[in-house]
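Enquirer: Below you will find the structure I want to go over with you.
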Amino acid sequence: MSDRKNVLFVVGKSSAVKELEEFASCNADRANVKIEIVENIGLATDGPLYSAILSGFGADDNVSCDLNLLPTYTTLLTAGGTLIAKTDVGTEDALVKRMKLCGFLNVAKSESVPGVVVGNMPTYKVGSSDKVTLNPEMKENVVSAWKLDDNNSETISEDDLLEADDLIKPDSSSLRVCATTKKAKACKDCSCGLAEELEANRLKDTPKPDTSNAKSSCGSCYLGDAFRCASCPYLGMPAFRPGEKVQLAGNLLQDDF
């Protein structure tokens with residue numbers, strides 16, 4: 001305890017105060033010793049002042065370290081301060097666990113004195129901040145890893161990605177779409193003229209059948225539809241004279257829709 005550190009003794013009986021005062025006077029050149037009874041320790045308002053706290057070491061003290069006092073000890077100890085607590089033999093593990101939960105570090109049972117547990121406060125204060133120093137060489141290596149060597153990179157021409165069919169311009173007729181559906185298919189009630197245009201293109205591409213040698217099997221075709229059968233090639237045409245040459249339409253036997 002060099003440099004006259006502040007030490008706090010916590011005892012359970014007032015009878016132990018006198019003996020500890022004699023100890024304090026003998027070591028006054030080494031430490032500032034203060035003695036408190038356990039009933040009064042909760043009233044202490046000294047703040048983080050003590051470098052070490054010894055609890056339950058009075059000669060006539062039969063009271064073990066009160067676990068409920070540990071949070072108070074953390075407020076009285078300075079950063080890195082030491083708590084030496086005495087408890088009943090066999091209950092050291094419970095004290096070790098409670099001290100760890102209160103934030104003490106390096107908590108361990110004494111190997112020389114049974115029933116004694118020692119722990120240290122962290123070297124930092126709650127809410128304190130510290131500067132984090134980064135390795136500049138590591139940062140430079142990370143940046144250089146993403147640099148590209150232009151000499152080794154291969155570029156692909158955009159024209160090489162196109163096929164021969166991609167270079168052909170589409171016909172304007174194939175781009176015609178319905179004003180309603182925006183598709184190259186006429187809607188049911190098409191009024192934009194796409195249906196008529198598609199029908200005209202279909203009829204244009206449909207080969208016309210040869211009807212020059214068409215003959216009637218019943219002999220009544222020239223009389224009109226009233227005398228024609230259901231499969232008559234002249235169905236729907238006006239009556240004509242017998243033997244007259246009639247040119248049939250190219251959409252014969254095809255649906256009107």
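Even glycines carry a Cβ here, placed using N, Cα and C.
These figures come from a predicted structure and were not determined experimentally.
Not my notes, these are from Swiss-Prot:
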{"type": "BINDING", "residues": "Cys178, Cys187, Cys190, Cys192", "note": "[2Fe-2S] cluster binding site"}
{"type": "BINDING", "residues": "Cys218, Cys221, Cys229, Cys232", "note": "[4Fe-4S] cluster binding site"}
{"type": "REGION", "residues": "1-134", "note": "region 'N-terminal SAM-like domain'"}
{"type": "REGION", "residues": "178-192", "note": "region 'Fe-S binding site A'"}
{"type": "MOTIF", "residues": "229-232", "note": "motif 'Cx2C motif 2'"}
Enquirer: Rank the binding-site residues Cys178, Cys187, Cys190, Cys218 by how many other Cβ atoms lie within 10 Å of each Cβ and give me the one with the fewest.
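Expert: Comparing Cβ neighbour counts within 10 Å for the binding-site residues Cys178, Cys187, Cys190, Cys218 gives Cys218.
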Enquirer: Cβ under 8 Å to the region 'Fe-S binding site A' (178-192), counting only same-chain residues 6 or more beyond its ends: which ones?
Expert: 198
Enquirer: For a three-state summary based on DSSP, what are the helix, strand and coil counts in the motif 'Cx2C motif 2' (229-232)?
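Expert: Summed by class, the stretch gives 0 helix, 0 strand, 4 coil.
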Enquirer: In whole Å, how far is Cys178 ([2Fe-2S] cluster binding site) from Cys229 ([4Fe-4S] cluster binding site) when you measure between their Cα atoms?
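Expert: Distance between the two Cα atoms comes out at 40 Å.
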Enquirer: Radius 10 Å, atoms counted are CB only; among the binding-site residues Cys192, Cys221, Cys229, Cys232, which position scores highest?
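Expert: Of the binding-site residues Cys192, Cys221, Cys229, Cys232, the highest Cβ count within 10 Å belongs to Cys221.
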Enquirer: DSSP secondary structure for Cys221 ([4Fe-4S] cluster binding site), reduced to helix/strand/coil, please.
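Expert: Going by the DSSP assignment, Cys221 ([4Fe-4S] cluster binding site) falls within a helical segment, counted as helix.
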Enquirer: Treating G and I as helix alongside H, and B as strand alongside E, what does DSSP give for the region 'N-terminal SAM-like domain' (1-134) in helix, strand and coil?
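Expert: Split by secondary structure, the region 'N-terminal SAM-like domain' (1-134) comes out as 35 helix, 40 strand, 59 coil.
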Enquirer: For Cys232 ([4Fe-4S] cluster binding site) and Cys178 ([2Fe-2S] cluster binding site), determine the Cα separation and express it in whole Å.
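Expert: About 37 Å separates the two Cα atoms.
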Enquirer: As a test of reading the model: what is the averaged pLDDT for the region 'N-terminal SAM-like domain' (1-134)?
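Expert: Average per-residue pLDDT within the region 'N-terminal SAM-like domain' (1-134): 80.
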Enquirer: Tell me the residue counts in helix, strand and coil for the region 'Fe-S binding site A' (178-192), as DSSP assigns them.
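Expert: DSSP composition of the region 'Fe-S binding site A' (178-192): 0 helix, 0 strand, 15 coil.
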